Amino acid sequence: MPQCGLNKSLFSYAQYEHLGYLPGYQEPAQDLYTIPELPKDTPRIQLRLAGEKRKHNEGRVEVFYEGEWGTVCDDDFTIHAAQVVCRELGYFEAVSWSPSSKYGKGEGRIWFDNVRCTGNERSLAQCESNGIGVSDCKHTEDVGVVCSDKRIPGFKFVNTLTNNINSLNIQVEDVRIRPILSTYRKRIPVTEGYVEVKDGGKWKQICDDEWTQMNSRVICGMFGFPGDKRYNTRVYKMFARRRKQTYWDYSINCTGNEAHLSSCKLGHTLAIKANSTCEQGSPVVVSCVPGRAFAPAPMAGYKKAFRQEQPLVRLRGGAVVGEGRVEVLKNGEWGTICDDSWNLVAATVVCRELGFGSAKEALSGGQLGQGMGPVHMNEVKCSGFEKSVTECPFSMDKDSEGCSHEEDAGVRCNVPAMGFQQRLRLSGGRNPFEGRVEVLKERNGSLVWGTVCGEGWGIMEAMVVCRQLGLGFASHAFQETWNWPGAVNADSVVMSGVRCAGTEMSLSHCLHHGEYLSCPKGGGRFAAGVSCSETAPDLVLNPQVVEQTTYLEDRPMFMLQCAYEENCLGSTSSSTPANSYRRLLRFSSQIHNNGQSDFRPKASRESWVWHDCHRHYHSMEVFTHYDLLSNNGTKVAEGHKASFCLEDSECDEGIEKRYECANFGEQGITLGCWDTYRHDIDCQWVDITDVKPGDYIFQIVINPNYEVAETDYTNNIVKCRCRYDGHRIWMYNCHIGGSFSAETEDTFPGLINNQVTHR
């Protein structure tokens, strides 16, 4: 019985996770919407947000008056005016506004100029201005606004116009898919049911008289599904005849490439029915096709689920599923997309291609970290119906200015609400981003909260917890939680032996002990804990620097005493006379931080180790692995685990160095800077004294033990081809793991690949 109760609550809340409301959340009464009563002499206008949008709730402010759409000039415009615009459109508040046609130049009349609002007006037409239609502005001065995601509770769309209804955009408080048939009521995610809009605080059905497949495509996209399919209409017609419906007053007209219902137009005809019936039809039903990762049933659902045809596109650097920097595969090499003209339509093509819904946001300016390799596409212009973003027209003028990785495009996609957040919580922390991990598990027929065994708990497991709760990346993983007294009734261990790859959507998807738990220390203070962060660093080794700085040195053993003590030489060095030589493969390492925040060592200052060889403290005892491998992937030279002092050697223009090793200084790598370990530093080598001539593969792995959280671990590996003739060495084809196509990577067998695996 308790299990059923959980499913019901998961269904209830799961569909609204994206709004950020907690279960049981109630709006304060004073925020409830009342329909504005405007004086008779106030011009009757309608508003919309248009232009080159990167979120559905932003855009150029456009005004519909006397049968014509026009714009608003930015002269005297303030956040108070933006507040009036957003609230008139049903959003809770304004976030910001932008002058100078940020969302592109509009067309037609400029209806308002020198707008001066107090912020309390019920319509933009009530604000002081030069008078409607009186302006000396050009469309280069068109104003835009960004409104909050949150809608006004109880908002009701009121049409003040009698004609041109089909010119207006849809404005409702909320939308949902309500499962009707019993088979779909129990299923997560909800993929089929009535489409209902919340208008005036009440949920209403939509008459299917004018409903099209394009409308279904938009609705499914909003709820995280890449497509829609046919359903059994007869069953729903029988169901509709049994119950009286409450229909919305309007129909909907979408073209199919909209990312959100608010971009669709009201239907051609006004469908007001005095008796609240839909004469020739019944309530609109949609049946959505989930991406493979979200298929409800393990086998049948998995086979029917949407499948990406060819992996030509991938997301990197995102904190949650369906978010990341967009990378495309061209000519066998992965590269990025420049953000010029990047918009919701193109972002939606990417999202659908990857098995998600439409795009929530088109990101620009390398917000999710900078990529490496080529910039493959610029000025991408999609229609919205392409199967892949690689089919969209684009311009890639090699001589064009300014398409660096600082302009890498990204996406945030709508994903299905799976209810995962309801099965996990952080307890006892000082803020919502930290605490002891507590999970909801079935024990003896009832659902109980309990802890996770701290033994073996690491950053990969913490990453999954933070993702599941929507809290970003893990900044630390704790095997003991003495400082966080969680709920006393949740001290018992209900989960042990957890091992995650780091990419799972839920902790329950990770490997873990089943019914028989094993946790010698028990739960309570020895339970697992995490702290989460909205951002994280991303370390990337420059492969060209490795390739260009490689050389051989024969160094006498008496000059290698310090390196010998630090285990930087092959095992045969212990029997090498002081006057003989060791052959060293030397190279430089240039490690960039391309992520979203500074890279800081895990260890605190008091535990740093002094190294006589380098004459400074090392903050990470194992920071890189250096290995020389045969072509089948077996080690031929005893590589070693290099420890590092982390500092800023150089930085991108405009960024100041923050970390240096000298004088026991703070250590780390600033975002936008890099740390160079030169080829002439002790231990910056592989000892190849005992290696025979031949063809080999050289491999470097950064942060190999995942001691510090990063946005992307798949780019922490560099691989090079290597030819040694006994006297000279050639290093070529150096590249970051995962930067080439799978076929190219297959020519490096036996290596650590670009996928994080179970440890």
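Backbone N, Cα and C define each Cβ position, glycine as well.
Per TrEMBL, the features are as follows:
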{"type": "DISULFID", "residues": "CYS73-CYS137", "note": "disulfide bond"}
{"type": "DISULFID", "residues": "CYS86-CYS147", "note": "disulfide bond"}
{"type": "DISULFID", "residues": "CYS117-CYS127", "note": "disulfide bond"}
{"type": "DISULFID", "residues": "CYS254-CYS264", "note": "disulfide bond"}
{"type": "DISULFID", "residues": "CYS382-CYS392", "note": "disulfide bond"}
{"type": "DISULFID", "residues": "CYS500-CYS510", "note": "disulfide bond"}
{"type": "DOMAIN", "residues": "47-148", "note": "domain 'SRCR'"}
{"type": "DOMAIN", "residues": "177-289", "note": "domain 'SRCR'"}
{"type": "DOMAIN", "residues": "313-414", "note": "domain 'SRCR'"}
{"type": "DOMAIN", "residues": "424-533", "note": "domain 'SRCR'"}
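Annotated features taken from TrEMBL, shown on the structure.
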residue : record         : Cβ contacts under 8 Å, 6 or more apart
CYS73   : disulfide bond : ILE110, PHE112, ASP113, ASN114, VAL115, SER135, CYS137, GLU141, ASP142, VAL143
CYS86   : disulfide bond : PHE92, GLU93, ALA94, VAL145, CYS147, SER148
CYS127  : disulfide bond : ALA81, VAL84, PHE112, VAL115, ARG116, CYS117, THR118, GLU121
CYS264  : disulfide bond : ASN169, ILE170, ASN215, VAL218, ILE252, ASN253, CYS254, THR255, GLU258
CYS382  : disulfide bond : VAL345, ALA346, THR348, VAL349, VAL389, CYS392, PRO393
CYS510  : disulfide bond : GLU461, VAL464, VAL498, ARG499, CYS500, ALA501, GLU504
Confidence summary for the domain 'SRCR' (313-414), mean pLDDT rounded: 88
DSSP-derived helix, strand and coil totals, residue by residue, for the domain 'SRCR' (47-148): 16 helix, 35 strand, 51 coil
Number of other Cβ atoms within 10 Å of the Cβ of CYS254 (disulfide bond) across all protein chains: 23
Number of Cβ atoms other than its own within 10 Å, given for CYS392 (disulfide bond): 19
